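Engineer: Reproduced below are the annotations present in TrEMBL:
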BINDING   48-53, 158-159, 183-189, 208-212, 277-280, A334  GTP binding site
BINDING   S52, T189  Mg(2+) binding site
Amino acid sequence: MADLFLSCCGNELEKAQKNHSREIDRKLNRDRLAFRRTVRVLLLGAGESGKSTFLKQMRIIHGQEFDDEQIREYRNVIYNNILKGMRVLIDARQKLHIPWGDESCAKDATKVFDFNANGVLKLDSAVFCDYVDSLKKLWSDSGIRTAFDRRREYQLGDSLKYFLDNVARIGTINYIPSKQDILLARKATKGIIEHQIMIKGVPFMFIDVGGQRSQRQKWFQCFEGITSILFLASASEFDQVLMEDRKTNRLVESCNIFETIINNRSFALVSIILFLNKMDLLADKVKQVNIADYFTDFHGNPHNLDDVKRFLCNMFDSRRRERSKPLFHHFTTAIDTENIKHVFQDVKDTILHDNLRSLMLQ
């Protein structure tokens, strides 16, 4: 009788274990199918090339609103962008030996320069508003403006002018960042950020990784199962150097990274799409700066935007060893929602075609 009881118990336990094992297998199959169906898009490029801005655009274009906590965090980022940026301008004015337009600005400069953003975790509106009058006065001073005009000689964020032009609006106690403010807010990406967005019923997983040299060793953690790579390069940085070493041309650095990615055998079946970004800044820059001073192999009209765009495109294209595979490229302005919406319509078709092809090969 005892043996029969043990046998029944054993059979029930074995049956339960088999059912549990089958359920695990079913879940693994579901996860595997979901992983295969998900379009995984890796955003690569050097620091400040516009990867995070592009990801924010994807959220805005496809109706994913920012929640209250995220909006508060972006407000804090914007406050810090403005105060840190003005500190850089104040320091640059002094180091470049540019005189004040109005000597009384020195007092305002001391107030702003004494602000220590690293010691403030959350900069609330009341604290920021205390700096607004000084910020407005400094931004209108000819000495600070001259330092700003010479910004290629040091490191300064692209969005600072926009924020300082709007500091009266931003510096109100009830300020809530607009979508454009959020797009221009700059916070360096640390680590790996994944964000899933449903596009026409298809799950797209966008993977954003930091572009600074210290962050690039993490790129290889993201390569498995990638459908497409969007490589962003800041086209306007042809006359600027890296923050990391103060000597390497930023565009050359971007080209070198692109060469490593485009010729990696792991990506033989992955579509790589080049975004030559910050066209708005490039259009302004070519009017004043001669690209031939930085790239002696440029032979067109340095103040003709089309000539410069053609040169930049060829510069990246020449790094490809495998010529049978086409290189798709687009000229973009990541902060321009309509531009990105239009470009992504084309890009999406390429990505979905490649995803379907990879599913058929599996």
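We count from 1, first residue shown onward.
Cβ atoms are placed via backbone N, Cα and C, with glycine included.
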Engineer: Can you give me the same-chain residues 6 or more apart in sequence from N277 (GTP binding site) with a CB-CB distance under 8 Å?
Structural biologist: S49, G50, L232, A233, S234, A235, T332, T333, A334
Engineer: By a simple count, how many Cβ atoms lie within 10 Å of the Cβ of S52 (GTP binding site), its own Cβ left out?
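Structural biologist: S52 (GTP binding site) is surrounded by 22 other Cβ atoms within 10 Å.
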Engineer: Count the Cβ atoms, other than its own, that fall within 10 Å of the Cβ of A334 (GTP binding site), considering every protein chain shown.
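Structural biologist: Looking across every protein chain shown, the total is 26.
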Engineer: Which whole-number value in Å describes the distance between the Cα atoms of T189 (Mg(2+) binding site) and L183 (GTP binding site)?
Structural biologist: 14
Engineer: Through the lens of DSSP with three states only, how would you label N277 (GTP binding site)?
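Structural biologist: Going by the DSSP assignment, N277 (GTP binding site) falls within a strand, counted as strand.
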Engineer: Please list, in sequence order, the residues in the chain of K187 (GTP binding site) that are at least six apart in sequence and whose C-beta is under 8 Å away from its C-beta.
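Structural biologist: Same-chain residues close to K187 (GTP binding site) (Cβ under 8 Å, separated by 6 or more) are S52, V77.
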Engineer: 10 Å Cβ neighbour count around V209 (GTP binding site)?
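Structural biologist: Around the Cβ of V209 (GTP binding site), 22 other Cβ atoms lie within 10 Å.
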